[in-house]
Amino acid sequence: VITHAAIKCSFSFYILFLLNMILPQPPTITHQSPKDFIIDPRENIVIHCEAKGKPHPSFSWTRNGMHLDIDEDPKVLMKPRSGTLVLDISGGERAEEYEGVYQCSAHNELGTAVSNSIILRQSRSPLWSKERISPIIAQKGQSLILHCRPPAGLPPPIIFWMDNSKSNSIVCVSQALNGDLYFSNILPEDSRSDYICYARFPHTQTIQQKQPISVRVLDMDSLNDTLADYFNHTDLFSDKPVDEREPVFMVPSESVSSTVVLRGEILEMECIGLCLAVMSLMFPFTSFLNFSKTLRITDVSEADAGEYRCIANNHHGSVHHTIRVTVNAAPYWISAPRNLVLAPREMGIITCRAAGHPKPSIRWLMNGLPIENAPRDPSRSVEGDTLIFSEVQTGSSAVYQCNASNEYGYLLSNAFVNVLAEPPRVLTLPNTVYQVIMSKPALLECVTFGSPLPTITWFKDSMLEGNAYVFHENGTLEIHKSHPSNSGKYTCVARNSLGLSENHVYLEVKEPTRILRPPEYREVQRSRDVVFECKAKHDPSLVPTMTWLKDDGELPDDERFRVDSDSLTITDVTESDAGTYTCIINTTLDQDSASAQLTVVEALPTPAVIYEQPGAPTDLELTDLVARSVQLTWTPGEEHNSQFLIQYEDALHQSGVWHNLTEVPGTKTTAHLKLSPYVHYSFRVLALNNVGFSRPSMPSRQYRTSPAAPDENPTEVKGHGTEHNNLVITWKPLTPQQANGPGLQYKVMWRQQAIETYWTSVSVANVSKFVVSGTPTFVPYEVMVQALNDYGPGPKPGAVIGYSGEDFPSAAPGDVRVLLLNSTLAEVRWSPVPLESVRGRLQGYKVQLSSHHIFSPNKTSGKLPDLLPYSIYSLRVTAFNGRGEGPTSAAQRFETPEGVPSAPSFFKVSTFDLDSLMLEWGPPYERNGRLTGYTFKYQTVNSKNDLGLLEELDLPSNQSSFTLHNLPHSTRYKFYISARTQRGAGPMLTEEAVTVRGHCDGLMMSLCLSVPPVAPAFGNVSSSMSKDGALISWEYWGTKKLLYVEYIIDKSDEDWHKEKVNGSQFHVLKGLKKGLAYKVRVVARESTRVSCSSSSSSSAMVSPQVDIATQGWFIGLMSAIALLILILLIICFIKRNKGGKYPVKEKEDAHGDPEIQPMKEDDITFGEYSDEDHKPLKGSRTPSSGTVKRDGSDDSLVDYGDSGDTEFNEDGSFIGQYSGRSDRDARHDSSEPPSPVNAMNSFV
């Protein structure tokens, strides 16, 4: 049984299958790139051209009118079974080399379809030409124009000015359509030095800016007042006040202008005047912008042509401007040509009607060639925009192109003429069963195909005719109002001159679903129970489902709500339960619904009788006992305005469980009850009013109904196979109440569809599965399951279709070949396995490589990404179905080309001697080819972090160290190294070092030197202070996804604190305690295992210059002098208190104060932390760690107690000082060259 929607879906698929797989069809273009195709030069170029046809069309291209040979350029590829071109410019090719006019042709033996002419151009975002812009001086109240003049781009840029309305009223500042900025009434507040015009090129998402324009506004009124006082109130500048001027337009300058716009485009007109004038327009059009200075009309039509007038006026006068608008139009379709299918000796026409202004000319082509150059066909004639075909013959199929063009563009459309001689085919699925509800219309489909077009005739016992039926042109039979007598077998017959075809369908008219006892209004006291009843009637062959809603939504997820087969019970009612409850009965064909309101009330202080709980009914008596009904009588208790609920218990099948049977009004004390066979009934009655239920009555005496044959069959019948030679039939068994009697069994019936005529059957009991053995592999079976008991069988069941088991595919895909696309991507192609070898339902193809790649069953090729460069692979292809994989194809070996190598495994710099640095590195973990050498670069870095001249050296692949000699001491260098293959250079490692003198080992850095090759790589780990906390940043190019920043207080024994990083390369540590030093490290983990902790390590040394301030003996001497002075001060204080005197002045003159002694210029002082330490290197990514700067010589040692520094530990973590900047730090910034002490506080 198939519903109407499922049949429509199946029909569509079936029709498409026949038309596309059986009937020949000329090519049709289904997808193509736009006519004006602007590309991003940074991405590969993809020009789309897709077509369909039978046989599948082949494709060719022209470029600038000449044939394009795809094989000549290895960068140009055409997708398989497609005309789409892929131009690979990832290797550095220039996109403009591929600019031009492209056209695609799709052809098979029946004709040729062509695409539009696709003009391929690359987007351009040029820079502004360099110019020197003089400052502009303007008088207050005057008008001013700032010209933008953006560079011409492709497509044109979007113009905007940065903050052009910050001071002035936005009414007085306007950006014109050409991008210029207009000041209608400039004010002194508009004086700025940075008016900048920006051009945003949307295709490449780039923004270019013009040189800033400086504007200075003079207030001549203030100057006039000052000079007037000086010259005895003489008014030297006697122009009219600004607010007394007559209105004038800044743009347009003339009184009349004209513009031409194309149909469908956007028209924008502008009038910019002094902001003291009131602007108005003569017509209420689509939208006004920019305070009515701009009028915009979208989707322009010919009706928008005419004269437009804008008016500016004030109390001194008015001025107007007239704009004459002319609307032209590129060609647009009135009636585009359509495909034509004709039978031999038939006639037909193809029309091509287009409009435009000027009127477009029509030109016809056949298979891509002008029709006048095409082979002559006596059955074809051209009359302007119409092709006429008469008495066509087999072999006249072709694709015709209509080109409608004028000076503003063109339209091109393909339409084929397909001459077919085909006998009728009925495409509707045979033996389709239509189900419809009684009194509803029924539609029986008879979809056909044939050439000539077949005529359709319907039969049911005899040919159908009369007003009771409607015969649609598409073959569908409609019955206005279905009746049970309309059920039965219908036959549709399709005829043409070449033969006939017929098909049988079936119509079943079902009874409607109706709710017989809907839920009723209930008013219940809080904390009581309430029951809503909902009983329905439906067609016996349909399975209903009941759904309850509360206020049109789902019922609350609360165990107090209990849904039974025909009722809804709510226990312990609360105020939130009040609302509208809806019962919905659904079948596969229709539904019915009913609603009732629930009101929850509070108990009154003085209960009335109506709110008392009713008394329990008594004296239950059964009379009129028959096979399927009984009469129940009872005596009510204290009623209290109640009604009655009758429940039953089935002692045979569910002893102790009571089910709701029916409700009876309070005016009745008897009920006629319908019963089911083979049930041991006991009844009880409950009274119900607004307060709630009474106690149940005592049960009635038991009444046992007689057994009978089943009224229904098992549901959910299915057939499937678990082995290649079996069929497993399953079903949902009947419940004991559905059995209707003892000895319940199931008659299982099956036969092979379209092969076997007679059913094979077997009867089983107490199971819900039966296995049929010895079946052919994966063939359709019709399956039925019928219930029967000791009193007879159930109703005749309906058949379902199931398939026997699948077997492993017996054949391997053939013609396996591999196409290398680049060093990490390959494409594998194969021929599909024969359909008979699948032995089941083909689920796809599996390519066995280092990992499995699965492709859908309709694929014959697939991409293999993430390959390793310069590696040898072996792959096999298998087909698989639901049972498993078939045999593998022959192994295909292929070798990926070389790629660029990874970064060297480590890179460190160490001091070799006084003026030399030694550089050491390791080969890359991933060579990706034969190493051809290393590229080594270095440059100096000055105190302002500016980079010097870059030096470059090429080193052989077998070298792992290099020494730089004759370097100046105390100079900071930045080093870069990368490995090379023939494909190019890989990523670089970067280090910084300072040349030193003496015993130290210099600055050394490395990147995860001790981790294995699979560990991630870190570089350039740094720290800096921000307003939010400590900013930790790093470089990371590893493969592990879990990154953490861990930190502890320096020299503490506590555990590391860990914070997860969300995919970025920086992290802010918040809540650190001010004034403490912290040790921080970056950790990469895979699951719970640390892959590479500590991304960088360093040991920093003091400058090799002899600094007396850092020598131990000098520090000891200064300490002794400070102690001596302290003792002398104490003695002096004691003597003063005693009245004595002490010659302090003489002592100070003799010894001097070491803290105020001037230091020599060559002395090196301690560095201080300042914001200047965070300036990045120009032209490079430099960490923002602190850099010690040289300060004045009057600093004392005490000042350095809180100085910020950063150092590395041997385990690779770094320590950052998290403290505020002191006032002294802010006063002692210096721009002198850095000393080697700077290296202690710098990160790379």
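Indices start at 1 and increase along the chain as displayed.
Cβ atoms are placed via backbone N, Cα and C, with glycine included.
Copied over from TrEMBL:
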DOMAIN    27-115  domain 'Ig-like'
DOMAIN    126-214  domain 'Ig-like'
DOMAIN    331-418  domain 'Ig-like'
DOMAIN    424-508  domain 'Ig-like'
DOMAIN    512-599  domain 'Ig-like'
DOMAIN    616-708  domain 'Fibronectin type-III'
DOMAIN    710-807  domain 'Fibronectin type-III'
DOMAIN    812-899  domain 'Fibronectin type-III'
DOMAIN    900-999  domain 'Fibronectin type-III'
DOMAIN    1012-1105  domain 'Fibronectin type-III'
TRANSMEM  1113-1134  transmembrane segment
COMPBIAS  1143-1163  compositional bias 'Basic and acidic residues'
COMPBIAS  1194-1210  compositional bias 'Acidic residues'
COMPBIAS  1221-1231  compositional bias 'Basic and acidic residues'
Segment-segment contact (the domain 'Ig-like' (331-418); the domain 'Ig-like' (126-214)) at 3 or more Cβ pairs under 8 Å: no
Three-state composition of the domain 'Ig-like' (512-599), taking helix and strand from DSSP: 3 helix, 47 strand, 38 coil
Stretch-averaged pLDDT - the domain 'Fibronectin type-III' (1012-1105): 67
Secondary structure composition of the domain 'Ig-like' (424-508) [DSSP: H/G/I, E/B, coil]: 3 helix, 49 strand, 33 coil
DSSP helix/strand/coil residue counts for the domain 'Fibronectin type-III' (710-807): 4 helix, 47 strand, 47 coil
DSSP-derived helix, strand and coil totals, residue by residue, for the domain 'Fibronectin type-III' (616-708): 0 helix, 52 strand, 41 coil
